[in-house]
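According to TrEMBL, the protein has these features:
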type	residues	note
ACT_SITE	176	active site, proton acceptor
BINDING	10, 11, 12, 13, 14, 15, 34, 96, 119, 120, 121	NAD(+) binding site
BINDING	83, 89, 121, 152	substrate binding site
DOMAIN	5-143	domain 'Lactate/malate dehydrogenase N-terminal'
DOMAIN	148-311	domain 'Lactate/malate dehydrogenase C-terminal'
Ligand code: APR
């Protein structure tokens, strides 16, 4: 059986880490694409030389030619400009929208059967635009945000409770921005919901509120610390988890920016919700019952995503 093929569109900090993880896990051969001359070729060669030491067999190729992504099973898109300190995700809109147009057309022409995972920010708007420009089926185009935001939430909760991260589950829904909704009601330690743990005296509501706030600002905290660029290890790992669920038909239940057609009262928007990812791409959208507070937070988040889409449509008439 031929190896699977993964194309990383954008070979910067996240793109390089994606290629490293994909090769280490032997998910398939990897194409690193970028417009920056030499960067994808250099990273591909460097990573190939890690192969003999790690013992992974994967062919890695760097390129600036879309023809090389032909036949890709998975495309992970990080092409664009990352957020700098003091810049909101939304400031990136104009620049990255043009990048999505080029990438969408490249995928449409060369890898129309791929499962496409978008990471470029502002995420919910970019994944929607990428889907429009590529014309791929909605279930085959998805945005990575929820796995990362939930991982941040899980990390902070595990730290607070001093338990293994493996036993902490958490859901962060809504848009990938300051309005995201960490859903405390569905976050658990070994199945015990966080509100019960507050009652059991494991923590206080104030501490949970602080963790929710820190999760919402999780990306910005790292941008500030790095001083130049944004997070890349955890975003890359999160997207690889989604790619793996597709390639191995694992049918994992993961929060992701998915195209809604009436679920949660939302139509034709990409917003973070729990989904099942398998060989059919986004095979199912899970509609969970939200309490009043989460519902209200979700609506605020949806409105913020809507505003971004309106801005996109104004910037590019073909999207209107
Ligand atoms: N086509 C292909 N690649 C492009 C294009 C394009 N039109 N425009 C820019 N790029 C490349 C850049 O040359 C760069 O190598 O995209 C890469 C982006 O890499 P980084 O700047 O290192 O950014 P990274 O940290 O990987 O983040 C990428 O993910 O989380 C989001 O906000 C983040 O939107 C950003 C994206």
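Each residue, glycine too, has its Cβ placed from N, Cα and C.
Rounded to a whole number, the C-alpha distance linking residue 121 (NAD(+) binding site) with the residue listed as 'active site, proton acceptor' is 9 angstrom. Between the two most distant C-alpha atoms of the annotated NAD(+) binders (10, 11, 12, 13, 14, 15, 34, 96, 119, 120, 121) there are 17 Å.
The two recorded residues, residue 176 (active site, proton acceptor) and residue 152 (substrate binding site), have Cα atoms 13 Å apart. In three-state terms derived from DSSP, residue 34 (NAD(+) binding site) belongs to neither a helical nor a strand segment and is classed as coil. Shown are the recorded positions 152, 176; of these, the residue with the fewest other Cβ atoms within 10 Å is 152. Counting every protein chain shown, the number of other Cβ atoms lying within 10 Å of the Cβ of residue 12 (NAD(+) binding site) is 20.
Remark: residue 14 (NAD(+) binding site) has 78, 119, 232, 235, 236, 239 as non-local neighbours, by Cβ distance under 8 Å and separation of at least 6 in sequence. The Cβ of residue 10 (NAD(+) binding site) lies under 8 Å from the Cβ of 33, 34, 77, 78, 79, 80, 120, each on the same chain and at least six residues away in sequence. Mean per-residue pLDDT, taken over the domain 'Lactate/malate dehydrogenase C-terminal' (148-311), amounts to 95. In the three-state DSSP classification, residue 119 (NAD(+) binding site) falls within coil.
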